[in-house]
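Feature list (source: TrEMBL):
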- 1-10: compositional bias 'Polar residues' (COMPBIAS)
- 1-33: region 'Disordered' (REGION)
- 18-27: compositional bias 'Polar residues' (COMPBIAS)
- 63-85: transmembrane segment (TRANSMEM)
- 105-123: transmembrane segment (TRANSMEM)
- 135-153: transmembrane segment (TRANSMEM)
- 188-206: transmembrane segment (TRANSMEM)
- 249-271: transmembrane segment (TRANSMEM)
- 277-295: transmembrane segment (TRANSMEM)
Amino acid sequence: MSTDESNNDTTKYRRPSPIQSKQPSTENSKDGESTTTILCDVCHIIRDLVLFFCRRIIFGPPIFKLLVSFTIIIIGSMLKSLGLAPTSYFSLKTNIFNTYFAKLGWGWTMGLLIPFIYLTYITTCSHYQIITRHLVRLLIATGVWFIITYLFVNVEAHTGLCKHETMRGVSRKVCVSGGYEWQEGYDFSGHVFLLLYAILIINEEVKSYDKGTNKVDQANKVVHESGDTLSNINHEYLNIVSKIIQINYVLLAALTILWEFMILSTALYFHHTLHKIIAASVAVFFWYITYYVWYRPNSSSFLYPSSPKD
């Protein structure tokens, strides 16, 4: 036998069979699938825990939210009055949270609530007239916020005084720009009003979350039972919307925590105690008069917007 023939025989002998060559790739794919499954399970567990924490703790009963908020305001104000509030970055009016969050607080709140309400109700009904009746609540809340903060600013402007004999009748802006000291009048805290009002509104509006997710769960059951192609398309669409709603829900919870922290910061460093309590009481009044007196269950009139649970 020649050397070339022996080499060919050896090559043929050593060549792996198709079955043997496929085994490692099959095992690797199985390992990859099991790892992906474990990661998905871990992500689902974390998601469920976060949503449970949001639902049970952050978005608690209104009475609980009010007790927490007023406790923060009273204790923070007492520490400020006694001079026990520690000097920190948050005592500066120019701190990043005050400049970019509290002063723009209504924009942040509406920026998350509008898509949340729209997407939540679009999963439960296809009538835009019904969705509009729910969005009207945010329009009313925006009107309340604008009018009350405008009144607070004007009350302070008319009750304050420039500490200079020839500048007593000027506005605060003219007084301060002229280098003179402004003696504050009745400076009701617009921040306390805005933050607490936003917290209470968010706490009411997220009540529709369970209704929207239940609709997605029902759609999943229909898909599994029917196997219809059109149902599968609707199912994928609802799943995408459901994930966006969940992300929005968690962001609203994070915003609620931030607003509560900003209430504490305001209570510790700014405004008089009575002015903060009055501002908070005004927020509670308009929240209650709208959500528990004005808004009606199953309402079909724009004059009486539907309540969030409808």
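Cβ atoms are placed via backbone N, Cα and C, with glycine included.
Residues of the same chain lying 6 or more positions beyond the ends of the transmembrane segment (249-271) and with a Cβ under 8 Å from any Cβ of it are 50-51, 53-54, 58-59, 68-69, 72-77, 79-80, 85, 90-91, 93, 97-98, 101-102, 105, 108-109, 112-113, 116, 187-189, 191-192, 195-196, 198-199, 202-203, 206, 209, 279. The list of residues near the transmembrane segment (277-295) in space but at least 6 beyond its ends in sequence, with Cβ under 8 angstroms from a Cβ of it, reads 66, 69-70, 73-74, 77, 137, 140-141, 144, 148, 152, 188-190, 192-194, 196-197, 200-201, 204, 271, 304-308.
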